[in-house]
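Visitor: Sharing a structure below in structure tokens format, with a few things to ask.
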Amino acid sequence: MFPEDEYQLEFFRTEGFVRKVCESCGGSFWTRDASRRTCGDPPCDPYSFIGSPVFREMELDSMREHYLSFFEAHGHTRVQRYPVVARWRDDIYLTIASIADFQPFVTSGQVPPPANPLTISQPCIRLDDLDSVGRSGRHLTTFEMMAHHVFNTKEHEIYWKDRTVELCDELLLGLGVDPESITYKESPWAGGGNAGPSLEVLVGGLELATLVFMNLRLDSSGEYVIKGERYSRMDNYIVDTGYGLERFVWASKGSPTIYDAVFPDIVRELSDLAGVEHDLHDPEYAEIFARNARLAGMIDLGEASLRDLRKRIAESINTTPERLERIMAPMERIYAIADHTRCLAYMLGDGIIPSNVKAGYLARLVIRRTLRMMKDLKLEIPLSEIVEMQISKLDYDDWRERMETISEILSLEEERYAETLEKGSRMVSKIASHYSKKGGRIPLTELVSLYDTHGIPPEIARETAGALGVDVELPDNFYSIVASTHSRAEQREVETRSPPFEKTERLFYYRPFDQEFDATVLGIFEGSVVLDRTLFYPEGGGQPADRGVLVRDGQVFNVNDVQMIDGVVLHRVEQEGLSPGDRVTGRIDMRRRMAHARHHTATHIVNDSAKRVLGRHVWQAGAQKSEDRARLDISHYRRISDEELKAIELEANRRVMEMIPVITEFMPREEAERLFGFQLYQGGVPPGREIRVVRVGSDIEACAGTHVTNTGMIGPIKILRTERVQDGVERIEFAAGEAAVQRIQERDDILAEAASILRVPIEQLPRTVFRFFEEWKDQQKVIEHLKEEIAGIRILTLSSEAVDVNGVSIVARDMGESDGETLLKAATMLSERDITAILGGASGGAAKIVVSVGRSGLERGLNAADIVRAAAKYIGGGGGGKPDLAQGGGPNVGGLRAAIDAGMSAARKALQV
């Protein structure tokens, strides 16, 4: 907690505020109403604005514009929204707050903000309360955080606490809020590695805004403890405010739920399609949802169950929980679908591709939850149509242009969901059977695993298991639990010792085509040589390290690996002997360097070409370069077709032939982001104030690799193959320059060899191969016919060899050189004649045993699988099958006769002979 003096503001004193302690929760708050006894925050105070709006009615667009214009009029610069997928962050997948736009580089002071002070209305996505959406009356997955931010330094303060509260108060009073209804509640805040005192702004029981005064940073040895973590003072201090756009609109309308305030048209449309009557003009009906929202606002839905909430509401309106469920459940699903489809509009509009990992996992989670609720409501409408309704209400032209792609993505997801439901029942049945035998219920961990690994919704698991009489552990907040485990990127802690040297001068950026350089040895660090300057490129960004030699007075030291730690380049050499102060000459393996440079620049071109052909949703998911080939992983919602692949290859080679200059320059991060946006971070987010920007035509990325200076230097680009490395990610493997020529020559050699074998020109290969294939198919038919005739003749012979064993006809025979198919046909034909067959044969250097049991043998208890297992030991193998037909095999052809005899003995024993 923060001491009282953190909140003793001049503004509060001059405006007649008094500091009070809430009689309910014990928290401190500021109010103009001296008689007030509670803080205004639920559960201390219920929602009083429902049915009694706190200011004039506003829609989303008008409220947003009013807010932004207000702060522009007070000296703030309006900043455009950031994407909801946090491309500039490597620790989170989604933009969860407006301050996330400026973490970590601006908040840490490394990079100046885009404006100071600034105002923004930032769409955010939080899935922590996913299961409460629709049920609570107030929770949303997607919301706009209107904000004004100030980034103060010790040298220059723009404004701090007093002015922040003054602006907030002026905004509220200007909207018509009763001054005495406003409370400012003291509350410590922490998030994203920062912390500070904050004030929650409450009106009518609803938190409209939070004013955070960020002045602490996470520090394990810090003097301040906030929410169990230690913090120390920051060099800068930041005004971080968040005003909930949707909450302001709700407070202005006083509707029973936030969904009726924010999505009135969508809710009405979905209600009509689902055949659900939603008449908020009916006082009794509206009061049910209003009471639900008021009660939900008073309790923690993470701790209380939906059943408890239903019971309390039912008691308050003198009805049964069952009747209440019938009234509310359909509308709760409609509310959630309205919310979720807006969430999907932002996710897919900003380029997320549904998959099983990272942000794609979260998108698929929302899609499948939406589809499940649509199924429950029997909504016969494509999901894409509802998302299109949402997009039509959002003012983003580029989204409308991409609607065809978004529709295709959602259609594919619907198909995949249907397939999942089909296979899910079978899988759950097996698991339910397992837990049924143990006498327990299916645990939560199993349900999470079913969803994470196979995409099977918990509701399907509950229905399927319930039909088998098995209970499941399914909490009300299941989806919130799952979402929380996937909301942040995995942070891998790699322990490395920082080299005690100045940063190495990196000559490879300024002299990329020089082969030789002179340098001084600064020292040896963990077996690697540290120089004051180097041309050797260290491994990084998917590009392998350079190789070459260091030469001292004629003595050669082979450099076989190069790494960089904290700006210090480490040269791993095979020989020992170098010492600090030695002067050396370095020579680079330029053939390797140029192969890497060609492949690296080609990667940028192929990535850009894929965007042109497949769509702007394509985003680099990984890359690796080598001397002889490169690979690029891209986000895409389906397999790349052959035609699309050809188009990408052609587009890439056109970029080569255009001889586009490759421009590399170091730029301040904020300037690069302002000029080029977040496409800069296709290959990841580099650290530091200054970043290296590589421009290859329309492809512009932050990149530290080596490149050619003109696309014409790349030479040909040949795509070798594609594969789906994971759901939602396609891998394109290609070669460039000399490596591409070698791959083309290898394919030419294969074609030439094939043409030589068939004795036709290469141009006639397809026609000739097709003709041979057709002839081969015809010959196969003839061969099959002949095999059947031969088998028929053999059957007559074998039938005559059958011996009677206690009333069962059995034939045991070594068929010589025979494949498994021939043996199976013969054995099947014999069993149809009610003859049990034990047949052996050899093919391709391996022995094969097939056993079939006729009707009379089955009646007497003969089991083909048992006979095969007894026989297969003698050929060094095993086998199995069904009682009427089984087969086995092994490498010991010489033991075939003994195996057949063993099979016969097993049959006799079974027949008690």
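Using N, Cα and C of the backbone, Cβ positions are placed for all residues, glycine too.
Feature list, courtesy of Swiss-Prot:
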- His600, His604, Cys703, His707: Zn(2+) binding site (BINDING)
Visitor: In the three-state scheme derived from DSSP, which category covers His604 (Zn(2+) binding site)?
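Guide: His604 (Zn(2+) binding site) sits in a helix per DSSP.
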Visitor: Under 8 Å Cβ to Cβ from His604 (Zn(2+) binding site), same chain, six or more residues apart: give me those in sequence order, or none if nothing qualifies.
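Guide: Looking at Cβ-Cβ distances below 8 Å from His604 (Zn(2+) binding site), excluding near sequence neighbours, one finds Val694, Val696, Asp699, Glu701, Cys703, His707.
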Visitor: Around the recorded Zn(2+) site, report the further residues of that chain (criterion: Cβ within 8 Å of the mean position of the Cβ atoms of His600, His604, Cys703, His707; site residues excluded), sequence-ordered.
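Guide: Output for this site, in sequence order: Ala597, Thr601, Thr603, Val662, Val694, Val696, Glu701, Gly705, Thr706.
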Visitor: Once near-sequence residues are set aside, which residues in the chain of His600 (Zn(2+) binding site), 6 or more away, have Cβ atoms under 8 Å from its Cβ?
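Guide: Looking at Cβ-Cβ distances below 8 Å from His600 (Zn(2+) binding site), excluding near sequence neighbours, one finds Gln543, Lys625, Ala630, Cys703, Gly705, Thr706, His707.
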Visitor: Within 10 angstroms of the C-beta of Cys703 (Zn(2+) binding site), what count of other C-beta atoms is obtained when all protein chains are considered?
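Guide: Here the count is 27.
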